[in-house]
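This report concerns only the one structure given below.
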Amino acid sequence: MLRRKSFRQGWLAGKIYKRLAIALLLLLALGMTVFAAERVFWPDKAYPRAANGTLDLTGWNWQKDGTLPLNGEWSFSWKQLLLTDSDAGNGTSPPPEQTIKVPGSWNGTVVDGTPLSGEGYATYRLTVLLPEGEEELALRVPAVSTSYKLWVNGKAIASTGQLGTTEETAVPQFAPEVAVAPTLQSEMEIVIEVANFSHQRGGLRQPIELGAAKDIIRTKELAVGFDMLLIGCLLIMGLYHMGLFAVRTKEMSMLYFGLFCLLFGIRMTLLGEIVITKAIPGFNWTLEINLEYLSAALSLPLFILFFSSLYPKESSRLMNAAFCILTVSYSVVIAVLPTLIFTQGLVPLQLVVVAAIVYVMSIAVFACIRKREGSGILLISCLVLGTSIVNDMLYAHQLVATTDRMSAFGLLIFIFSQAAMLSIKLSRAFVSVEKLSSELTELNNGLHEKIAERTYDLEQANEALIRSNDELSRLETSRSHLISNISHDLGTPMTTIQCYIEAILDRMVDSEEQQERYLRVIHSKVVGMDRLIEDLFQLSQLEARQVAFKQEPVTTDRLIERLFARYELDARGAGIEYTLTVFRDKGGGEGFSMVEVDTERLHQAYSNLIFNAIKFTPSGGTIAVEMHDNGSEMRVSVSDSGSGIRPEDLPYVFDRFYTSNKARNESVGGKGLGLSISKEIVEYHGGRIWVERTGKQRGTVICFTIPTRTSRSASKAGIYQTVGDGT
């Protein structure tokens, strides 16, 4: 037990030492990165510097050299606002008490042996010796702690807030401005009166920039544009990730990252060009400072929780809790205490931020070592952001000579890299879900296949049994019909034959001529019976689907021409006008359609219709055949001018042994089976047959259809007519 406890203590101690070593190395790397960036990207420039309250710019070229910061030693008059007529009004001034370095706060400056605090008021003065020329100049004045008034050659050209010599009379305000200088000669005297009773640090903490008016204005507009771009990106990213969290509440990293972006988006409206004062003129300064510090304090725990939610095994709950307690406590201080007090906690807050950056980078390092998803992007973006934040802190304390806008670029890079990482994570999650779904689908399909395989034999056996049963049913029906038909229609001719034979045997017919007539009648009855039996047999085979059809492709126009041509002589011999008209619908495409038919069988069906029409059409009448091809089927109609079929007999036209007007259902010499056989042949080809029009003295129209194939012949669409004249 003691060994286990000792081993655990040693393991924890080793883990703590390892984390501390990594943290120190990261802190060292962060500092080296900042100073390396300062030397590489912001080397010392040959800007003229003010000395003893005078800046010599006689050798400066505004067009070539551009703008420059008015850095160096300014004249400094503590506890004086030089606004009297004898001073600022006429361009003269009392001797400066001392000089002060600009940019920088006056905190710590020794006046009369006493270091200054942040509270108080003073006058800054700088004399600038200008180059020759009449270039219009302007000054870009940053936020001044915390109110000021700017004079150039005795003329007030800019101010923010309200100057005062006491806390009651001074009104603080942060508002960067561009002030165009009046027409100048060879010298410019700049006087800036500053008062501060609200902030921990006072004075000209940021550089004032001088240059050609057009260059200063362009620089200002670019800075505002960049701030707006950054604010827009932060707010959009924040709202986007909040929306993702609303859809998927388990992803806490999206909530933390979204809130972080929204808070920093608010913070960026209060920094740099302070665009919130442009959007809301007269915005309360105290609220502005409270929001600036609160957004910084509250965004820190969100930053840490975001990383911890991404890599919980690499983070420490104890460290997370410590940072949250510190920042939330400072947020309470900001909300309760006056600005003059809580702004003095800026340096401790900055130290906490540096510690948090090192802690988060250690999380990223461990995640990279363990090859966590997205850890490489995380480490690089965190290094960039941490470097930029530390740079701005050091710049604020005048420890580096870079720029105070570096954190904005670092934040932009960090946001887009983290958004890209989260997008990659989401896309991989979707891919994983799709893969799992596909595997589940395949598993289900495999299960269905196994079930299908197990039931396949049963289904095949069942289908075979059903087919056999249907076949037997058709055969039995055909057999019953055949027997019924034979007994039905053979009775009468058999009786006639029997009577004629008995008459001959009984010597009732004496003359050879009469005997020959009787024998011819018997022969004709026997031939008719033979034909009847043949038709019945064929019809029974058709109904049982035991007839082999030899189908071949043929175009509709050629098929109908072949059928039509076979009966031209028969119609002509009967004195009947026999015509063919072929139609090709334009909507069906170019050319005539193809059909697959047994030509001989279809000829048999067609012949039954034509011979019936010839038989019941008087000499001088007409038989008109029409074929319509609409692309999906061919429709053939045979119309005659003979005696029609009574409407009450129409339902029975295609029945066997239709007897009311049975001539209309018999082929030549048949016994009422012609139309029944035609019906079976047409239906075998997938078509249908019907009587379209009939009536006394109006003739009969019988139609049938055959479905077509999708291929087309090379013939052209249109209408043509063939006439067979029987006269």
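Glycine is treated like the rest: Cβ placed from N, Cα and C.
Note that TrEMBL annotation is computational and uncurated.
Taken verbatim from TrEMBL:
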TRANSMEM  228-247  transmembrane segment
TRANSMEM  254-281  transmembrane segment
TRANSMEM  293-311  transmembrane segment
TRANSMEM  318-341  transmembrane segment
TRANSMEM  347-369  transmembrane segment
TRANSMEM  376-396  transmembrane segment
COILED    433-478  coiled coil
DOMAIN    485-710  domain 'Histidine kinase'
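Summarising model confidence by region, the domain 'Histidine kinase' (485-710) averages a pLDDT of 77.
Of the ranges 228-247, 254-281, 318-341, 376-396, the one with the most Cβ pairs under 8 Å to the transmembrane segment (347-369) is 376-396. Distant neighbours of the transmembrane segment (254-281): 143, 173-176, 220, 223-224, 226-228, 230-231, 234-235, 237-242, 244-245, 248, 288, 291-292, 295-296, 298-299, 302-303, 305-306, 309, 405, 408, 411, 415, 418, 422; these residues of the same chain sit at least 6 beyond its ends, with a Cβ under 8 Å from one of its Cβ atoms. Below 8 angstroms of C-beta separation, residues 254-255, 257-262, 264-265, 268-269, 275, 408, 411-412, 415-416, 419, 422, 426 of the same chain, each at least six residues beyond the ends of the transmembrane segment (228-247), sit close to that stretch.
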